[in-house]
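The feature transmembrane segment is assigned by TrEMBL to 32-51, 63-84, 96-117, 137-155, 201-219, 225-244. The domain 'Cation efflux protein transmembrane' annotation in TrEMBL covers 35-255.
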Amino acid sequence: KGTIHLFRKSQRSLVGKLTHEFRLVAADRRSWKILLFGAINLICIGFLLMWCSSTNSIALTAYTYLTIFDLFSLVTCLISYWVMMKKPSQVYSFGFERFEVLAVFASTVLAQLGALFILKESAERFLEQPEIHTGRLLVGTFVALFFNLFTMLSIRNKPFAYVSEAASTSWLQEHVADLSRSICGIIPGLSSIFLPRMNPFVLIDIAGALALCITYMLIEINNYFAVDTASAIAIALMTFGTMYPMSVYSGKVLLQTTPPHVIGQLDKLLREVSTLDGVLEVRNEHFWTLGFGTLAGSVHVRIRRDANEQMVLAHVTNRLYTLVSTLTVQIFKDDWIRPTLSSVPIANNILNISDHHVIPMPSLKAADSLNPVTSTPAKASSPPPEFAFHTPGKNVSPVILLNTQTRPYGVGLNHGSAPYSNVLHQGFGLPGMGAAPGFRTGFINVPSRYGTNTRGQPQP
């Protein structure tokens, strides 16, 4: 019997985790079709690479890279199915939609790297052009074209379909669109096929196959082997030009930017929210693209103190939910506070004042560097104030006076009220105020203006 370890989680390796997730995807019947096309794609890539080696054609190699890109698109489609099965977790609170974006970005970037590799090999072949064998060149072209078109048209690849429509058009699409307008002007029935713009993947497959057919004819007729290198450069440039806009679009989604085509609509909705009843201010708004076709955002709304928070939250969410599917709204009321007379509470121990009050002398540090006449800093050459005559030094101990009088009343200290008759014998006192603690004066016997003097005689 083995030892039982409580509260111990089983640690899976990376291969084990990938195997578990692959089984989760393979359990869905929709993914069987994709797995079948993936297996056929691998067989087709193997044959094409062998024919590229036997024909010594770099143009056929560049076209084979498009078949490898089809394999990446099938993997992206599997990831899309996996994302739909997964639910948000604590780590991925917004879900797993960004994995689709990452898969599209990685596929397009790898296709562009393959195009750069073809350009580098083509530059080397211009210096020393090898002989091209056309035995299997045309067969490999049609096999690759048939499989690429069949894969693109048979499987609905949601991520690439969205990116191809949302991204900006490539230079190849623009040129074909200009040519299509001229053709559709002659034959209007073709407008549904060529307009408004063709599928970029279908377009590059047809254009690459056309370049290989021209290469085959020129080599067979004139043995012009350099046209193979020129066709490879053309296919590489078309691949790079087609994948670059998709890489830019998916990269902006990964950077959590706001799509340009919804900025105007978002501004309009925010203006409508700011005019709702009870809303004072809309601030700290931030909207970004979570996945393909999914917007997320957060906004802070300041409302009146008498407004209903739930009602305002419902109206704000109803307005913004038309565009932003994942929305976080923070409602807080107006933080205006009436001014108070005293912002610092009185400590409790301040009431326990002993009979001996310590009166500290005012600090002379601030006055040391000032001239008593001009209130400007004294020169460095002037002697310090402690050496002047009739001037106390800095280190003066506090004066301790014996307090034999009644404790002061008022002045913010709650000692209770004193009898009015006793107040008149405290010097220059006011009712409820009393004399200053610890100070004595020689004018106590001076008769007051109102009331009686110290001898009990009436005031004349």
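Quick reminder: no glycine exception, Cβ is built from N, Cα and C everywhere.
Remember, TrEMBL labels are computer predictions, not curated facts.
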Interface check, the transmembrane segment (96-117) with the transmembrane segment (63-84), three or more C-beta pairs under 8 A: yes
Contact set, same chain, for the transmembrane segment (63-84): CB under 8 Å, 6 or more residues outside the stretch: 21, 24-25, 28, 30-31, 34-35, 37-38, 41-42, 44-45, 48-49, 52, 95-97, 99-100, 103-104, 106-107, 110-111, 114-115, 118, 140-141, 144, 147-148, 151-152, 155, 157-160, 204-205, 208-209, 212, 235, 239
Outside the transmembrane segment (201-219), six or more residues from its ends: residues with CB under 8 Å to it: 57, 59-60, 62-63, 66, 132, 134, 137-138, 141-142, 144-145, 148-149, 152-153, 160, 164, 172-173, 176, 225, 227-228, 231, 234-235, 238-239, 242
